[in-house]
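To start, the structure under review is shown below, and the notes come after it.
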Number of protein chains: 4
Amino acid sequence: MKDGIKIVTIGGGSSYTPELMDGFIKRYHELPVREIWLVDVENGKDKVEIDAAMARRMWEKAGYDVKIYTTLNRREALTNADFVTTQFRVGFLEARIKDERIPSYYGMLGQETNGAGGIFKAFRTIPVILDIVEDMKELCPNAWLINFTNPSGMITEAVVKYGKWDKVVGLCNVPVIAMMKEPIAIGYDAKELVYQFVGINHFHWHKVYDKQGKNITQKVIDAMFEGKDIGLPANIANVPFFKEQVEQMQMIPCGYHRYYYRSQEMLEHSLEEYKTIGTRGQQVKETEERLFKLYEDPDLDTKPEELSLRGGAYYSDAACECINSIYNDKKTHMVVSTKNRGTVPELPEDCVVEISSVITAKGPMPIAWGKLPSAQRGWLQCMKAMEECTIEAAITGNYGLALEAFILNPLIPSGKNAKEVLDELLIAHEKYLPQFKDKIEKLKMNGVTIRDKVVFDLVKEGK
Amino acid sequence: MKDGIKIVTIGGGSSYTPELMDGFIKRYHELPVREIWLVDVENGKDKVEIDAAMARRMWEKAGYDVKIYTTLNRREALTNADFVTTQFRVGFLEARIKDERIPSYYGMLGQETNGAGGIFKAFRTIPVILDIVEDMKELCPNAWLINFTNPSGMITEAVVKYGKWDKVVGLCNVPVIAMMKEPIAIGYDAKELVYQFVGINHFHWHKVYDKQGKNITQKVIDAMFEGKDIGLPANIANVPFFKEQVEQMQMIPCGYHRYYYRSQEMLEHSLEEYKTIGTRGQQVKETEERLFKLYEDPDLDTKPEELSLRGGAYYSDAACECINSIYNDKKTHMVVSTKNRGTVPELPEDCVVEISSVITAKGPMPIAWGKLPSAQRGWLQCMKAMEECTIEAAITGNYGLALEAFILNPLIPSGKNAKEVLDELLIAHEKYLPQFKDKIEKLKMNGVTIRDKVVFDLVKEGK
Amino acid sequence: MKDGIKIVTIGGGSSYTPELMDGFIKRYHELPVREIWLVDVENGKDKVEIDAAMARRMWEKAGYDVKIYTTLNRREALTNADFVTTQFRVGFLEARIKDERIPSYYGMLGQETNGAGGIFKAFRTIPVILDIVEDMKELCPNAWLINFTNPSGMITEAVVKYGKWDKVVGLCNVPVIAMMKEPIAIGYDAKELVYQFVGINHFHWHKVYDKQGKNITQKVIDAMFEGKDIGLPANIANVPFFKEQVEQMQMIPCGYHRYYYRSQEMLEHSLEEYKTIGTRGQQVKETEERLFKLYEDPDLDTKPEELSLRGGAYYSDAACECINSIYNDKKTHMVVSTKNRGTVPELPEDCVVEISSVITAKGPMPIAWGKLPSAQRGWLQCMKAMEECTIEAAITGNYGLALEAFILNPLIPSGKNAKEVLDELLIAHEKYLPQFKDKIEKLKMNGVTIRDKVVFDLVKEGK
Amino acid sequence: MKDGIKIVTIGGGSSYTPELMDGFIKRYHELPVREIWLVDVENGKDKVEIDAAMARRMWEKAGYDVKIYTTLNRREALTNADFVTTQFRVGFLEARIKDERIPSYYGMLGQETNGAGGIFKAFRTIPVILDIVEDMKELCPNAWLINFTNPSGMITEAVVKYGKWDKVVGLCNVPVIAMMKEPIAIGYDAKELVYQFVGINHFHWHKVYDKQGKNITQKVIDAMFEGKDIGLPANIANVPFFKEQVEQMQMIPCGYHRYYYRSQEMLEHSLEEYKTIGTRGQQVKETEERLFKLYEDPDLDTKPEELSLRGGAYYSDAACECINSIYNDKKTHMVVSTKNRGTVPELPEDCVVEISSVITAKGPMPIAWGKLPSAQRGWLQCMKAMEECTIEAAITGNYGLALEAFILNPLIPSGKNAKEVLDELLIAHEKYLPQFKDKIEKLKMNGVTIRDKVVFDLVKEGK
């Protein structure tokens, strides 16, 4: 890093790239970036070029001399990288749409990172991230991997446990947004509050304390039930929690807990969208197309407002802040996916949790939470076991384990339909699941077919 | 115990009592019972007298001088007891029918020990068992409590953790039946096999080894999928497991695992019965009436064949064998609910598990299983946490915790309906839930009403 | 705390008081102290008055309006306190001298916080701190207890586990000094380094990282073996560690580890002092007398240089920094004794560890270390078990447990002499050990006598 | 095992061999042994032939047709073995004498399995046992390894953790003798008692219950302090425990606990022998010579009485009983070294403990003990960590780890002398420590020499 930092962004053709640029530009005075490599695959070539052109305009306007490169050759980019950020999406939005629609066809939740969809996103992504890690070991062994590809927790755990790579941080925007919105909702300055988060990605709780160290979590609970905005991500339907439950636990659940605490309503909402306006992935696809239209405008040289509607707002900003905190040993409090190390003593010591951490020059130093109440403990243990089955199945291609993950997943009612969803998803994603090749062959010979019309067409078109 | 053993049976008016007598008669040569006290409540008076008369005929026929007493005064019976067996049912079969029908009305599983029904059976029973333990501390401090009132595992955990009473064994007939039927199904003599069970009540798995110590679990799996009888309890619908799952885990799930591994089909079957022939409790009620008709016959002096259709077959026999093994330090292998002590290291050390144990003069010595694979670990941890919430709510009457138990329970889809089931069950069982008195008052004031016609009538009739 | 902070210092007549004043004066711009109460007992009356007069001169010189009160009535002082610091010494230096000399007479290590001496210091102090906590519950329930009375870790654990008081921080100057001296020894600016400590009080290790996150612990190891000053406390003989051992563990042991890693030499050194210039306590007594002579000088209005020779340098400064960080939510990195919460997963979750923490408005948030290598894990587990026996014996007066603590303590060779040391110490400290009253009576009746001449005289004089 | 069992005994030339034969002869009616292979090394050739001749006479007298083979070719013997017993001693008694005398020279305990001696016995033996396991994987993959080579616990742990071989049982005669002698001492029939043991090899405790399940451990404590014989191994000096300690723990320590609970006296006794009659190894050497004289007598065809004085009495008998119990699935209660699996939840799940187990066709099923009191927990954790360092050093030849094991060992006072003992022992055992080759070279170059005259001579003679 002698003469400035080299950043490599895998999935550089993402619609988030301008936010990432914006984040680096804002921090340039303390984070001297020298060059940024946007890496993508053949199918993402057009978008990565649009992003790169947009990025160059943004940097130029900011008045800093930072080089933007694009490449389809990941290894070329990784050589001597200082930080590698990952925001790629194996199979593009078409894959997400399959993840959402196939379960929906069977009356189950179709969601990007939860239920069957989340498991399959892990199946497609884990082999790729492990390849990236192998390249990093060879080409940039001192670099940090800053992952914000979802499901961020499982990806990070795969990197740590199977990739044997410790210099990784998993990021999520959900805690970021909570810590932005909640203070406003309860009339405090964010700087006056002490936050402590515990859990796993998309499945965490937190408590809030004021300047005198007083637990004021109840104030946030009150605000939540008064309908104030406490930071629900744009992609999650606003079904209220049960007040008696939240007051009993005295912790603030994250937005995604709705899927588990109000399954009935969340399912109804999801199926309604499936049957009418299309799943979230289909909606996002349109948003993305609009965004890239904007990015193509040669006069646009700042991050457009529309980007914040995209769902993943602040994700890229969190990545920049994390890099900044590592580079400058800022000891910022961030909530990241990192190795447990005992912070949640009832989970395996070497699994990955999403936890309040101090981000230092040596990476995240996680703050121990200690024992959890029975309910939260049980939920976390169940979800972590489901994640472990998923990760192991993603690596081995073991169908029995994939089935175990499905059956253990609280959002997939077990039984005949669950198995059909599993089988259809395997076939639908065949191109990205080489580890399950043999099983997929057999399923096809046994005549498993895709019943959802939209997905059927996507597969037929080879998407 | 100088001049013979004093047995006290709480819930003496149960239809199982003749089996219990049969068990003691068969073992009299080594287990010198002197007197048996059948205790029941006012509403069970007629049945306990029928049982007592039947018991006297059985003992007379056997030619042993054993006194049978009946009483509605539990404390009178407990004085100087050596073994106390509990087979009572708070609220009789009417309560079970409510537990089954109210969830069914909302399209959920209605089952005696699983889902909402199991939670409410615990809510009604735990305060009573803790009262019994208090009496025992005073009146028979050296006695053993042999519990086979369901949910047996949670009852036992309440006794150990909240009653602070260690001399307790929780029993279940499910492992007994498995170890009787499986050897036949695979063509072995039961004595040639080594069994090891692990889990919690109605949620355990096991492995089987032959005389050479070879793991032959796969043989049982094969027999299971060839449709052979491996001991499915009479009350559980015979939906096959997924072969890929069972072969992956290389353990035999218990019959009740169907509710979790094939939720869809088990739910369909349960709702079908609800809508047609009535729930299991309603069916059992008829069986029971037939049984007591038989017991009234002054010529009947042996356990009738029909009893084995009742569902709980071998339960009472297991109780006798357990008592025998303690009394004679027989070191029999039995699968019982007892304190974990590390046998399942990923569960709390002081919780209750159902585990292969050696039954000695000092009670069960549980055999350590060690680490479990991810899926089984996650399932157990989730279920145990749900049990902990249930037990604590049963003791404190905390509604928030009851809600947590419901939401965490894998057989109750969370959301609006779940809360309505919870509220209706509270009202339906009001008589037996003094700990929830305040909440029930509020619910009634808020106009919560019971929608299932059968239950509505039962409540109106004050049953 | 509306109109300024009220500080109460138990053991206000300590020679450290001027350092404490100095710490508050330096931080007055952000830590608005209003009044400081110096509490002591009858025997400490003269010293506390000297300290108070000195303190008033110091504050006056600083130009701040802070009131200094003295009292022998602890409850008067505690009323509405904001922070309570404890630096008292039950039995004064005479008690320490007994702790050191009696073991020395039998050829064992005589040390203030290690071996037999440390156990007896806990025996005397724990009942007193628990009394203080009871007063705090009543008189200042929102106050923080900042303890720097030794043995700081055991005192803190007693407060948390038996006093059920969570708002406590245990402090020690050893990590403070290490983090001051090591950077100088290896040629770095302290601000460039990231430190992580793990262990228990007077028994911890740490690692050091540079601004790039690189582990540079080996540099400190090299400096240590080149003889550079890396912060050995003044009271510990400078026996070098074994280089092969330290390089194997790749962690920096604390100064006190010498007693365990080089027992032979440390014992020889201690016995040599015992036989010649007197034990450390005797030396400190002279230093203290000199210090109080200085404090009496009405012209002295700044902390004198000589104080830093006293051994406990920076202790009081650490207390001020901790209070400052809580009051202002500074999120400073400090190494404190606090509840484990999983930071060291192989120790009980609810024990007290000394660990790198972030000091916030809600107190210390400890940073999880994760699994330790076998040797360090075994050492910590052994020492923690010894501490648990000690604390329980201190509370119950159970002689068997006291004996268990002695036998388990690695610095007390078990056997006849160990028991004699235990018995003599009980008699020597009779006045401060009401919990052991019965046992002491019996020992005296059995003719146990104190063999060390100096201690014999102290006891005879009633000191 | 179709036509009878093939036993292979590594270290067949041991003086225990006749006891082993006796054990098999006594059990022949249920344990149909077909052939026994006595394996030894070149230097043990004479003894193994004497043993074989004696064995043949014993079997002939018993009237059974069992073939006895001798060989120096281990692989020849292992082919198709059913049970492999290990009773070899790397370096013969000369090595033990070195283990005892070198520490004694420096005033430390010199003992076969404790302190420095035990660590070096592990260093010499572990590489050999791992070689044997590799051979077994190839030549007799279904065989059981029954180890009674000391230090039996560490050897078993090395086999399980590093050899990845689960079919192993570690045996010790200490629990056997306790369960034989204690009932006599307290006037009970052994069959009336229930025993439960917990701990690690040569470091375990137990409790005793009567037929009514009553804890009668205090009766054994009383008998112990009345001086009755409760089974102290012949090789341990009879120093009494502290009564207050044993009554506090309410567990019976094993004989070897004397070294830890009464270090002072045990050390004095050991040094006295060293200076006068020679160490235990030297004494045993004479006993062994006498024994082999007896074995040479062509008229001797039964196990001679003198053998029971040898120290290891009942060791071989325990091996036969263990084999018998596995072969016949007898479900005998035995105390064996086996994988922890949670029986002692505060030790690593995959370490080896010595624990009450049921010996079945599938091997030992260990009985869970649960949480231990602080002192016993701390002792075990410390000793286990010391064992882990020892085993890892034995495999890697890491000198730093060897030093860690020495320093952590409670019977080796750390410091200069400890390091000299370590260095001298490395040199003394050079022939058997190829893993430490480089370090030994350096030590020799640095002029480390052996100071004890006897050991010096042994080394000079190449023994």
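Start at 1 and count along the chain as shown; that gives each residue its number.
Cβ coordinates come from backbone N, Cα and C, glycine included.
Per TrEMBL, these features apply:
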BINDING   D:ARG96, D:ASN150  substrate binding site
SITE      D:GLU112  site 'Increases basicity of active site Tyr'
BINDING   D:CYS172, D:HIS202  Mn(2+) binding site
DOMAIN    D:197-412  domain 'Glycosyl hydrolase family 4 C-terminal'
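Mean pLDDT, taken over the domain 'Glycosyl hydrolase family 4 C-terminal' (D:197-412), works out to 95 on the 0 to 100 scale. Annotation for D:ASN150 (substrate binding site): spatial neighbours D:GLU112, D:THR113, D:GLY118, D:LYS121, D:THR125, criterion Cβ-Cβ under 8 Å with sequence separation of six or more.
In sequence order, D:ARG89, D:GLU112, D:GLY117, D:LYS121, D:GLY281, D:VAL284 constitute the residues six or more apart from D:ARG96 (substrate binding site) in its chain with CB-CB distances below 8 Å. For D:GLU112 (site 'Increases basicity of active site Tyr'), the Cβ neighbour count at a 10 Å cut-off comes to 24, with all displayed protein chains included. Each of the binding-site residues D:CYS172, D:HIS202 was scored by how many other Cβ atoms lie within 10 Å of its Cβ, and the smallest score goes to D:HIS202. Annotation note: D:HIS202 (Mn(2+) binding site) sits in a coil segment as assigned by DSSP.
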